[in-house]
Amino acid sequence: MTMTRYAAATAAVTVIGGGYALFAASPYVQAVIAVILIYTIAVSGLNLLAGYGGYPNLGQATFMGVAAYFSAWATNNIDWGFWLQLLIAPVIAGAVAVVVALPLLRLKGQYFAIATLLLGVVLTTILANAPSLGGSVGIGGFDRPGTGPLQWLTVLIVLTALITLVCARVVTLPVGRHLTAIRKDEALSESIGIPVYRRKLQAFVVGGVIGGVAGVLLSYNSYFISPDLFGFYESFLLFVALIVGGSGTVSGPLLGSIFMVGLPELFRFAAEGRYLTMGLVFIVVMAVAPDGIAGLGRRLTSSMSLLRNRNRGRPDTVTLAATPVKTGA
């Protein structure tokens, strides 16, 4: 199955699942599906550099937080509407991504991961000490577009499907192919003329913009935000969701969000049930499918296709009638 077909299939699953949420699911299930869709967008942005480029970014929630708090400020101070915020706030997040990427992308491996992890620490510290943004308590004032939860879910479904298709298109362009080459061998990629630093910068910034979209949506979905929504835990959860779903795949962000965000959300009523579920899912998936759920699905699809081709290549069984053999007298 080609990348385009994977993207189309993922978008179709998103629309079908969203359609179920719109017309058949209970309000609680609708709320869970809304969270899954928002995290799918955030993980899709993370997937560009961490999945295709192979750079472990543990700071994706930082860009969500930048956009979410800009959205909160715009809502409470200049009365911008949702759609204008959805256009401007991700651009602000992308600008922040440019500033932090210039030095951070000089680092590699665990040093890059630790540096991006510290971004969340810096952001949450600043937000917790900013009284104009609610401090450690948080800030609200968000009013969703539309007249009810069904209209809001429709917005999330459409945006998730569009961003899935856009990300799938990006990785088929030269920038996507270059990122894959960088993941496999960065030194070799640079030696053959691939602009390694520029490609990493592009992936980091575009991923930050997409994370900003998710941040705006999360703030409106929750009606209220606080600094702890965008700290280390959220960034780590996004990264684990990518690994579980399948890094460097189109469907990985959706699958990871379902299993690491949606499924544990169903056990929120239990004090530790949510975290226990997340841990069990991670252990089982890593034991059965080290390359993620999408990778397991791809292997199963390839095996079934190979089996069908073998069966087609077998000659039909022919029954030969026994005939008497004449012997010389």
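A Cβ is built for glycine as well, from the same backbone N, Cα and C atoms used for every other residue.
What TrEMBL lists as transmembrane segment is 31-50, 57-74, 80-104, 111-130, 150-171, 203-224, 236-263, 275-297.
Long-range contacts of the transmembrane segment (275-297) within the same chain: residues 237, 240, 243-247, 249-252, 255-256, 259-260, 263-264, 267, each at least 6 residues beyond the stretch ends and with a Cβ under 8 Å from a Cβ of the stretch. Most Cβ pairs under 8 Å to the transmembrane segment (236-263), among the stretches 31-50, 80-104, 111-130, 150-171, 203-224, belong to 31-50. Among residues of the same chain six or more beyond the transmembrane segment (111-130), those with a C-beta under 8 A of the stretch's C-beta atoms are 55-59, 61-62, 65-66, 69, 100, 104-105, 136, 227-228, 230-232, 234-235. No contact links the transmembrane segment (57-74) to the transmembrane segment (150-171), because fewer than 3 Cβ pairs that are 6 or more residues apart lie under 8 A. Residues 59, 62-64, 66-68, 70-71, 74, 112, 115-116, 119, 143-145, 200-201, 204-213, 215-217, 220 of the same chain lie 6 or more positions beyond the ends of the transmembrane segment (80-104) yet place their CB under 8 Å from a CB of it.
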